[in-house]
Amino acid sequence: MPRTLDSQITLEKTPSYFVTREAPRRIASMSPNTKLIVVVRNPVTRAISDYTQTLSKKPDIPTFEELAFQNQSQGLVDTSWNAIRIGMYILHLEYWLQYFRLSQIHFVSGERLITDPAGELGRVQDFLGLKRIITDKHFYFNRTKGFPCLKKPESSSQPRCLGKSKGRTHVQIDREVIEQLRDFYRPFNIKFYEMVGQDFRWD
C-alpha cells in the first residue's frame, strides 16, 4: 500500500478478499485499524450472476442446476461450488471477526447501491469519517445497463458506467430452483442479519 498522510485515506478494492481465508490475518498484521467495506447482495441472485459471468467465458460448463445441487430432488445444495459458498456470508464474517471488530466493517447493500446509490455512498462516507460530498447529483440511471452511472456535475467529462461484463442479462433459472436456494440460504441470512444488525430483506 502507498504511504498515506494522516489527512488521507487510501482505498484498495479486491472482491475475493472477503472469501479468502488468509486475507483477514494478512490485513490485520499489516494494519489492524483498517476499515473494511463489503458489498453484499441477495446470495441467490449473486450465485446466478456468478454463473452467468462464467458461462460467458466458458460456454461448455454444466447447467446451473447441475453445479448448484448434489441432489436437486432432495434439495441438497452443493456448498463446495464457489458460486454457492460465497453467498454464505455469515461463515466468512465469523472468520473476519477473529481479527477485526464488527465496528471496523461496513456492509453495503448491493440492491440499494442500484436503487439509491447516493444514500448507500452517504453511509460509506459516514463510516469513513468523511464529509458527504457524493450526492444524488452525481448519478444518473442508465436504462440500457440497468445500473446508475457516476457523473461529475461540474465537468463535461464522460460519465463512468460499469464495464461490459456488468449488467448482462442473467440466465433464466427455474422458479422451483430459486425457491430451493432461498430455503437453503435463509438460516445463513438470518444469522448474518442478526450479527451485523441490518436486515437486507433478501426473502
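Positions of Cβ are set from backbone N, Cα and C atoms, glycine also.
Residues annotated as 3'-phosphoadenylyl sulfate binding site in TrEMBL: Arg41, Ser49, Lys166, Gly167, Arg168, Thr169, His170. Annotated disulfide bond per TrEMBL: Cys149-Cys161, in sequence order. Under the heading domain 'Sulfotransferase', TrEMBL lists 29-186.
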Thr169 (3'-phosphoadenylyl sulfate binding site): tally of other CB atoms within 10 A of its CB: 7
Candidates Arg41, His170: member of the binding-site residues with the richest Cβ shell (10 Å): Arg41
Neighbour tally for Cys161 (disulfide bond), based on other Cβ positions within 10 Å of its Cβ: 17
Overall pLDDT of the domain 'Sulfotransferase' (29-186), taken as the mean: 91
C-beta crowding around Cys149 (disulfide bond), within 10 angstroms: 16
Euclidean distance between Cα atoms of Cys149 (disulfide bond) and Ser49 (3'-phosphoadenylyl sulfate binding site), Å: 20
